[in-house]
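Enquirer: Pasting a structure below so you can have a look.
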Amino acid sequence: MAQPSNIDLGGSKQWYESILESIAESSSSSSRLLYVYETAIAGFAAKLSSEQLRSLTKVDGFLSATEDELLTLHTTHSPQFLGLRNGRGLWEAAELNSDVIVGVLDTGIWPEHVSFRDTGMPAVPSRWKGACEGGTNFSSSNCNRKLIGARAFFKGYESVVGKINETTEYRSPRDRQGHGSHTASTAAGNCVKGASLFGLALGSATGMKNTARIAVYKVCWRLGCANSDILAAMDRATLDGVDVLSLSLGGLARPFYTDNIAVASFSAIQRGIFVACSAGNSGPSPSTVSNAAPWIMTVAASYIDRSFPTKVKLGGGQTFEGSSLYSGKPTEQLPLVYRETAGGKGAEYCTAGTLDPKLVNGKIVLCDRGLNGRTDKGQQVKLAGGAAMIMLNTEDQGEETLADAHILPATSVGASAAKAIKQHLNSSDNPTASISFQGTVFGYRAPVMAAFSSRGPSLVDPEVIKPDVTAPGVNILAAWTPVAAPSLLTSDNRSVLFNIISGTSMSCPHISGLAALLKSVHKDWSPAAIKSALMTTSYTVDNRRAPISDISSGFKAATPFAFGSGHVDPEWASNPGLIYDISTVDYLNHLCSLKYNSSQIALFAKTSYTCPRSAHPGDLNYPSFAVLFKSGARNASITHKRTATNVGCPVSRYQVLVDEPDGVSVIVKPRNLVFGKLGEKQSYRVTFVSLGGSSVSSNSSFGSITWFSG
């Protein structure tokens, strides 16, 4: 049976149904209409056979068909790390009182959670057109003045994997996995004092815009998130009246006209809705970034200055730092076992059935990272009678040690520590180790780029730097569903209100909430203006005044292909001085510069669109520059134009400071911008001249252009 396809053409539901009836008459199998889209695209999702799809392509007005697929899901201290303070700046009462609605596409929500109570909140805004839909263990009464909307989308998912088993999943907006509750509370959850995970990260957990309303659109299920469901949810959210859309999910990079999230988000920004998406968790390999459309805010993930360290002490006296969310007592000095001393083939990965209870009982088992889940390795050790586990990174995995809520004493260690522990194992007649757990520790170097965070340059649109910014995404504490264990293991009977997890899924809602804050302060700002403010005020140095580093390279300096414009600074973003605005026409002209044909551009314009005679990627008024020279080019030049809008002091003067990339001369004209009123626009041109030859594919160099007022 064919996968459901998203077909883009104009018309009403009755028209689509008549088309499906006509193609079904000439086919041996039946078709089924799943969704009719109203804003995201002019089209529908249907379950079709290959034969029916071929017939459909011959219908007058047909533009394209995209096969459905399943995409994947890509805070006590993080607000303080971002510079947000109670009663000050963006968190002043007057700013927080503004009504902003944040729409979250994820695994749903646990509505009874304290993070989503509506105590003291005013009535739901009259402009809200959404609904609270019932389903398994969920009814309209589960919504309130905080959680003002909840819907579930599963027609596409069920057409791929079959009907949802309601004994193991909620066929409703209720969250079974925890991920959706976590992201929703990170963006807009209430301030909850005394939040922690087993006493770790103890403090006040709060969303970035903790007075915002939340609307939940459940699109992700046990095996993934169907493209057609995501498109339907974005379409509905736009009609419902959300102000911000947050999507901590994605797939492989692809041309924008075949990327449903790119197409639907274009419709959203046309209606003034800010869209933030996670960059993906496929780093540190280059060109892995997803959700790279220029109208989307693409968010990378980085560490904050808080960690949950462990100390591993070897029998020879050497000590190494690891990371864990286990909060129990330290182990004694115990024997170490690994590979053949722990079990049979595959025992080094501690997968199911590979460990021998006679060999591991009462001992610390070393497990290589990979093949199965990190907490599952600990589960296998515990099932075999092991006393504790040390999870070892390979050279490729580097020094990134993610903290996990293990069900036995366990820690992860980086590649250098793993190498030393293996040497101790091989050189000692009686190799032993102990693990102690040091709780919550502050003062670490930060921000540092997470190794898992997906990297640029974008394969789809290399003349726009992606990701756009980085935000806290490692070891983030936020709301959790009580029916999902913190380890996500079915054998784990622990129930928690808050959990600590990592991913660009966690950094994305930070940006969504910050966008809601900025929208409260600057109600007339467009999505592009908010994005510009967050990008141009971001910073590229850590808390030790050194360049932001990359854990995947052994703490060498990170590049914009990891962090974009830098780490967000919300207070500074609220008063950026200048912003770079972008219109719908600007984006369409950018698609023209990518050589998209008229049918492909019509998916975004929803009508015929005539491209200008000359469209260049550098003409997009983006808050960053990406310039591609052919390899070995010398004295080649490329000129970009930008237009800045004054949103700072009415009468102001800015002068430019240029830090030239290696091998490139940069000429800015004019070098001074003078403004006489708010909202005034001034343009400048930047000419980049290649002095020796560099290209994005083989070699990249980076610089900066900064406008200072004074």
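The backbone N, Cα and C atoms fix where each Cβ goes, and this holds for glycine too.
Grabbed the feature section from TrEMBL, which reads as follows:
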- 13-74: domain 'Inhibitor I9' (DOMAIN)
- 98-565: domain 'Peptidase S8/S53' (DOMAIN)
- Asp106: active site, charge relay system (ACT_SITE)
- His179: active site, charge relay system (ACT_SITE)
- 334-421: domain 'PA' (DOMAIN)
- Ser505: active site, charge relay system (ACT_SITE)
- 619-709: domain 'Subtilisin-like protease fibronectin type-III' (DOMAIN)
Enquirer: Test of understanding: give the count of other CB atoms lying within 10 angstroms of the CB of Asp106 (active site, charge relay system).
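Expert: Step by step: centre on the Cβ of Asp106 (active site, charge relay system), count other Cβ atoms within 10 Å, giving 28.
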Enquirer: Pick out which of the active-site residues His179, Ser505 has the most other Cβ atoms within 10 Å of its own Cβ.
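Expert: Result of the Cβ crowding comparison: Ser505.
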Enquirer: Compute the C-alpha separation of Asp106 (active site, charge relay system) from His179 (active site, charge relay system), stating it in Å without decimals.
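Expert: Cα-Cα distance, Asp106 (active site, charge relay system) to His179 (active site, charge relay system): 7 Å.
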Enquirer: Measure from the CA atom of His179 (active site, charge relay system) to the CA atom of Ser505 (active site, charge relay system) and give the result in Å, rounded to a whole number.
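Expert: Answer for this pair: 9 Å between alpha carbons.
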